[in-house]
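Here's the structure, in structure tokens; my notes come after.
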Amino acid sequence: MQDRRSLVLVAPAFAWLTAFMVVPCLLILALAFFRRGLYGGIDYEFTFENFAMVLDPLYARIFLKSAWIAGLAALIAAVVGYAAAYAIASMPRHRQPALLFFAILPFWSNYLVRTYAWIVLLNREGLIVGIARALGFSGEMPQMLYTEGAVVLGLVYNYLPFVILAAYAPLSRLNPEISEASRDLGAGRWTTFRRVVLPITLPGVATGFVFVFVLSIGNFVTPALLGGGQFQMIGNLVYDQFLSANDWPFGSALSMVLIAVMLVLLTAQTFANERASTGRQSAEPVDG
Amino acid sequence: MADRLNMQVMLLILGLVFAFLYLPISVLVGLSFNAGGMPTAWTGFSLKWYGALFANRDILRAAGNTLIVGLVSAGIATILGTLLAIGIEIRRRKGRLLETLIFAPMVIPDIVLAIALLSFFSLLDVRLGLHTVILAHVVFNLAFVCAVVRARLKSFDWSIVEASADLGASMLTTLRRVVLPALAPAIIAGGLLAFTLSVDEFIIAFFTAGPERASITLPMQIYAMIRFGVTPEINVLATLVIGFSLVTLALSQRLNRGGLPGQ
């Protein structure tokens, strides 16, 4: 009875998500197996060609580059984010909520605006060049905007709050007595961190890493704005297939590969976290 | 002694990270008041670029469109998301399918949902415009509202529902007179959050708004302007957009302490 009533409440949202998320996603899954028509339309003829094309060296290279940039951004964000979360967690308890709030706050401002801020800083007549000149530096400044580094920087900047949030949760739950026990048993500060604190708190930062990677690899705004016109990641490739090249089946195949990468990573990470938490449970009696 | 040193290192890390997070945005805000408008030279405080912005008809129209999309999509999402949250929580059997379904809008890359909806609408011959952006925005908005309301429901005292039923109230009356008032802060906070998300959303709007200039939203306008380079007008627009997000967020936070995802 209860369940039938709840169905009435759940049904409208369920229907909306089915109509405007599940069905469209299934549609592009199907499109990925069709052939591109002569004039940019779609021939309803089954083929694996689109997926074979993903493996074409030209596109495979873009895939690898996207993975490299996303991986680099995720790694930097994970290290910096973990350090920041660790620093927040070592502040007095009553200060921590406010610090965490202000660390996450930028995440809620407009993504385009946050990216644009870096154009203002990095461009040829930008603030950084201006400051360098004002300090008396007259030589040729290196190109900063429209580089791979600018794209990585933009991604790290945009997603860092996310990692801080993910890394903070396990750090704040960490029982200080565990570290004390380790120190009492003669371990140094660094050994305690490496052998005790890090293994327990790693799942949080791993979650952060996976999310930054997933959000970065499909990103097209940051490469388009900070990487310059020629810079291409998978997101830009998908964008082109739909808005200029008019090859929807190939664009669909690309996004399906993107989804597959994402699912594999999220599943692996959930699995790893579950294993880590069962491992922790068996060690539970230690902190009584 | 070692702990003092440790504390100083931690403070240094915090200082650097907060500088990294806030300096770029602050520069933008500062420049929006720069009379000369150029990032390299401060030529005095002025509000003239704000005046210029409010005289720009394209921007005003885009802002109007964004407001419509934000209000309507957040409105629909608030109703659907709240009902969904209550429905899930009173359900005895927890369905994994349903959980996946509401988690999906938060993890699917925007570009994928964007092209999927574009394909879907064009296959059905739906004319693109603000209405299709609204249909699309409700998808992720309702997931967020649902998450905020569910967080509140975790600490909800269900015995008052039983009490209401014992006193002879129907399910609808109980929902309207007991459950909804108790949840009101979370519902409003969720709605405000959805509104902010929708107002800031670019990629899905870009793909589902269609080619007509009449259906350009503010983020689409900002994107087009950014591609042309740095101008004083964008600095002003960026400042207003940041200010707007902060105000809505502060309101949402005030209404629903601890209601933000992750807080």
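Backbone N, Cα and C atoms are what each Cβ position is placed from, and that goes for glycine too.
Marked as domain 'ABC transmembrane type-1' by TrEMBL: B:63-255.
Using a Cβ-Cβ cut-off under 8 Å and counting only residues 6 or more beyond its ends in the same chain, the transmembrane segment (B:12-33) has close neighbours at 39, 45-47, 49-50, 232, 235-236, 238-239, 242. Feature annotation from TrEMBL assigns transmembrane segment to B:12-33 (among others).
For B:67-88 (among others), the entry in TrEMBL reads transmembrane segment.
For B:100-122 (among others), the entry in TrEMBL reads transmembrane segment. Sequence-distant neighbours of the transmembrane segment (B:100-122) (same chain, 6+ residues past either end, Cβ-Cβ under 8 Å): 84, 88, 128, 132, 135-136, 139-140, 142-144, 146-147, 201, 203-204, 206-208.
The annotation transmembrane segment is assigned in TrEMBL to B:128-149 (among others).
Per TrEMBL, transmembrane segment is recorded for B:178-197 (among others).
The list of residues near the transmembrane segment (B:234-251) in space but at least 6 beyond its ends in sequence, with Cβ under 8 angstroms from a Cβ of it, reads 25, 28-29, 31-32, 34, 37, 49-50, 52-53, 59, 192-193, 195-196, 199-200, 218, 222, 225-226, 260. The transmembrane segment annotation in TrEMBL covers B:234-251 (among others).
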